[in-house]
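Annotated in TrEMBL:
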type     : residues : note
COILED   : 187-214  : coiled coil
COMPBIAS : 322-353  : compositional bias 'Polar residues'
COMPBIAS : 364-375  : compositional bias 'Polar residues'
DOMAIN   : 11-282   : domain 'F-BAR'
DOMAIN   : 387-447  : domain 'SH3'
REGION   : 313-389  : region 'Disordered'
Amino acid sequence: MSVTYDDSVGVEVSSDSFWEVGNYKRTVKRIDDGHRLCSDLMNCLHERARIEKAYAQQLTEWARRWRQLVEKGPQYGTLEKAWVAVTSEAEGVSELHLQVKAALMNEDFEKVKNWQKEAFHKQMMGGFKETKEAEDGFRKAQKPWAKKLKEVEAAKKAYHTACKEEKLAISRENNSKVDPSLNPEQLKKLQDKVEKCKQDVLKTREKYEKALKELDQGTPQYMENMEQVFEQCQQFEEKRLRFFREVLLEVQKHLDLSNVASYRNTYCDLEQSIKAADAVEDLRWFRANHGPGMSMNWPQFEEWSADMNRTLSRREKKKTTDGVTLTGINQTGDQALQNKPSSVSSFEKTQSYPADWSDDEANNPFSSSDANGDSNPFEEDAASGTGAEARVRALYDYEGQEHDELSLKAGDELTKIEDEDEQGWCKGRLDDGRVGLYPANYVEAIQ
């Protein structure tokens with residue numbers, strides 16, 4: 001009996017199937033990956049917590065700095081309150097982000113850490129107990145089938161070799177029939193060789209089919225055992241997946257400030273504060289406190305009195321007292337507005353005006369080129385120069401943010417060499433000779 005043989009049958013086709021010997025290792029590796037993913041999630045939460053903390057600190061620093069600048073700046077009235085409300089919003093949001101940071105670390109981070117510790121048990125020789133159990137389970141389930149598979153592979157190889165030998169013997173026999181140089185004895189040997197190869201093919205084929213049949217009979221049990229171990233790994237992984245989903249939902253709740261009542265209230269309060277700003281009210285207040293609506297102690301005739309030690313000029317009174325008590329004044333028109341309660345503004349605290357006046361054009365801010373719009377009479381006098389040097393002392397710590405800023409510690413003394421500019425900065429010189437800018441409201445004059 002002759003068997004047709006195809007060379008392509010002997011080419012092995014690689015497979016990536018789970019059922020191939022050793023391919024269960026990807027399932028085992030997933031257990032180790034689960035432990036690593038727990039560590040990755042903890043690192044992720046830790047980094048986000050650091051970001052939340054840094055953002056909260058920056059908001060607080062920004063709010064404190066600008067609150068001081070606004071309160072000591074020229075803005076006044078209801079708009080000043082609205083501006084300050086913006087810094088209050090930052091302080092409120094800063095507190096909420098600190099709460100987010102605390103929740104991420106104290107709740108979410110610790111939850112993952114504890115679960116990882118409970119789910120994965122390290123061995124003395126390295127690796128995890130769960131990984132070894134899965135590895136042993138798969139190896140035990142696959143061992144009998146793998147042994148039979150090895151026998152099948154050997155039988156297949158023997159059968160294919162026999163087929164090749166048979167094909168070669170038949171080819172030689174056919175060639176010998178047309179070769180007159182061969183004697184009958186040689187032809188007989190070639191025929192015997194063909195017959196022997198045919199017998200070998202039949203024997204190896206029978207052995208190959210028998211081994212394959214035994215392998216097929218053992219395959220259902222092999223699949224059942226592998227499925228059982230695989231299902232145990234699936235259950236372990238399902239716990240991790242469900243746990244991660246639960247943790248991420250908790251993280252979402254902690255990060256979502258839109259559902260926090262205090263967060264919504266912060267912006268409701270901010271909106272109300274801004275909408276409460278009233279330009280008309282602010283202009284009325286400024287008119288009453290710094291404009292034509294102010295009271296005036298108009299000059300009146302005064303009799304000489306022997307009881308008076310001396311008469312102070314208006315200039316001297318200005319130098320000896322911070323304020324002037326006005327008496328005997330009849331208020332009319334806008335002057336009556338002073339009796340109406342009004343908001344207290346930092347503008348009133350920081351601005352000062354000379355008590356004397358002059359008809360000299362040089363002292364009139366609305367004369368000459370100023371009247372043509374070449375300069376703003378409400379800006380600080382640029383002709384005042386840098387001012388006299390003065391010793392000052394730092395009230396708070398300040399870390400310079402730019403290369404031209406000085407870093408100060410509370411209690412440090414330095415020399416102010418330029419007065420405060422319109423942005424609230426002064427130029428100073430430290431005792432070691434370094435020169436730079438610093439916030440004007442961070443220092444006090446040394447008496």
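Quick reminder: no glycine exception, Cβ is built from N, Cα and C everywhere.
Predicted-model confidence for the coiled coil (187-214) is 89, expressed as mean pLDDT. Below 8 angstroms of C-beta separation, residues 1-3, 148, 151-152, 154-156, 158-159, 161-163, 165-166, 168-170, 172-173, 176-177 of the same chain, each at least six residues beyond the ends of the coiled coil (187-214), sit close to that stretch.
Under DSSP, the residues of the domain 'SH3' (387-447) split into helix, strand and coil as follows: 3 helix, 27 strand, 31 coil.
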